[in-house]
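Structure, as structure tokens:
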Amino acid sequence: MKVFSLILIAFVANAYCDEGASTEKEEKMGTIIGIDLGTTYSCVGVFKNGRVEIIANDQGNRITPSYVAFSGDQGERLIGDAAKNQLTINPENTIFDAKRLIGRFYNEKTVQQDIKHWPFKIVDKSNKPNVEVKVGSETKQFTPEEVSAMVLTKMKQIAESYLGHEVKNAVVTVPAYFNDAQKQATKDAGSIAGLNVVRIINEPTAAAIAYGLDKKDGERNILVFDLGGGTFDVSLLTIDSGVFEVLATNGDTHLGGEDFDQRVMEYFIKLYKKKSGKDLRKDNRAVQKLRREVEKAKRALSTQHQTKIEIESLFDGEDFSETLTRAKFEELNMDLFRATLKPVQKVLEDADMKKTDVHEIVLVGGSTRIPKVQQLIKDYFNGKEPSRGINPDEAVAYGAAVQAGVIGGVENTGDVVLLDVNPLTLGIETVGGVMTKLIGRNTVIPTKKSQVFSTAADSQSAVSIVIYEGERPMVMDNHKLGNFDVTGIPPAPRGVPQIEVTFEIDVNGILHVSAEDKGTGNKNKLTITNDHNRLSPEDIERMINDADKFAADDQAQKEKVESRNELEAYAYQMKTQIADKEKLGGKLTDEDKVSIESAVERAIEWLGSNQDASTEENKEQKKELESVVQPIVSKLYSAGGQGEQASEEPSEDHDEL
């Protein structure tokens, strides 16, 4: 008997099925813009006149710093270049890195580490990190969503100035490894900015669209390596005649250019203290002056082998002058550079591909300009040169603009179909604490899967649907997302009621779960939103690593539970059959009936007193029960009862809740 046997519905829906009503879409939604909301810089584009336009801001720059500042006695709000330019004179009231806070909790390790380096104050509000700044004479707190909304407002204004009319709809990109809470928070930021976020898409996927739009030469496997200011993503996609299918994704939502800057900052702060005996950290302005010059030096080292960092009157009126070589920069960050290769290896494993199967390597994000990063990737792929026909700063916004054009029904966007994936396995708890999978890791989304379950006890009037994500076979090793109950189930023997559980992931990667009692029509549902504690990227990585590390233990535990479930189901099934006079019960002699009843009762009693029995012990007990049942059933067949053969076996089996 198989415990996991019935999947009623399993289908993948294409995100785009109506390209016909293009004019109707445009009139209904208006112009849809594409926004790359970055940790350090943001970028906006629009599909117009048959091509993508990356829109320059009021300073003439095609990328805009993701900075917000409040300055002067009136608390004037500055966003973008104006905010970043006054960072060194107003560090406490200049906010950046909101993307490193969005959708996170105050007590997360990464948040606590970042707080040490930021000049602005972070306060704990119900375990949500809020930014506290002076706005004129008042002290105000802003959520990360509000700060991100201010940046999105700036990007909206940049687009409106160029287009000459109001914009209400946008496609916004997020790192591939953003969890549900972070995606929801990004959508909330759009709403705060007055934008309807019609679609959230993954940054490396957007970059692949930018790269692959004009590629018509058959199926290609594309590895997108996206290393930005604060996040890192790797995605492996196939592109074939305008269909973009994400095969696997991995990354670190807390690794990027700012981490490289921080290593150099710490080096110079220690060096300065060693030479002068003074601690730069005591002066916020001095630290931000150093931060600005270190970032400039890092950029310079992408094209030259050494650069000089000179800052007038850095601390206590003293000037600062030091040389930074490319070799020193690489030494300070080599472990971080090498850490980027692990997700590359993981996506290849997940997609079941070899290095030689990758046709193109696409580099995205400003940090991929670092020569050592380029060299490590080239060496990893045995000397294969990454593609260079794409601007790493603009690629994500470019792809988002194409996607916006497709959704808006703009002509000449080409036959683009985007098939993205969810990053973790999703399932529910069944008898014995087993994680029963409904949607597997790296399944193409949007998707919808259903499975029928049943009750674990006689006359059970309610079932609890407990939802988990993770890669381990037992729920205790995975992460709980939420739970709800289906009640009002009419009294019936165990295994009879049919409860259909449906998991649906929408185009934005957000999970909706419903359950319905097929007998009564009673149903309940749950949407996993920002209020449910979704996993941090660290937890995701730990779970996947744990799943690899403890695979043998997991399998043994799973087999133990399954063997117990099989014995229990077989025993109760036989008990039901011999009690039914229309089936087996009506065909047996009294002596045979007593023999089977006694064997069944012994098995049930043994189960009750041996909760932690091994797989072998469970299997041995099942064999003992079968040794009593099978000769009697065989005797019936030979006496002409073959027509009833199927009655001894179950017609359908459902996992029990």
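Even glycines carry a Cβ here, placed using N, Cα and C.
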Per Swiss-Prot record, range annotated motif 'Prevents secretion from ER' [choices 110-113, 186-189, 322-325, 654-657]: 654-657
Other CB atoms, at most 10 A from the CB of Gly230 (ATP binding site): 24
Number of helical, extended and coil residues in the compositional bias 'Basic and acidic residues' (616-626), per DSSP: 11 helix, 0 strand, 0 coil
Stretch-averaged pLDDT - the region 'Nucleotide-binding (NBD)' (128-282): 90
For the compositional bias 'Basic and acidic residues' (616-626), distant same-chain residues with Cβ under 8 A (at least six beyond the ends): 560, 563-564, 566-567, 570-571, 574, 599-600, 602-603, 606-607, 610
Site with most surrounding Cβ atoms, counting all protein chains shown within 10 Å, from the binding-site residues Ser302, Thr368: Thr368
Neighbourhood of Arg299 (ATP binding site) by C-beta distance under 8 A, where only residues 6 or more apart in the same chain count: Arg369
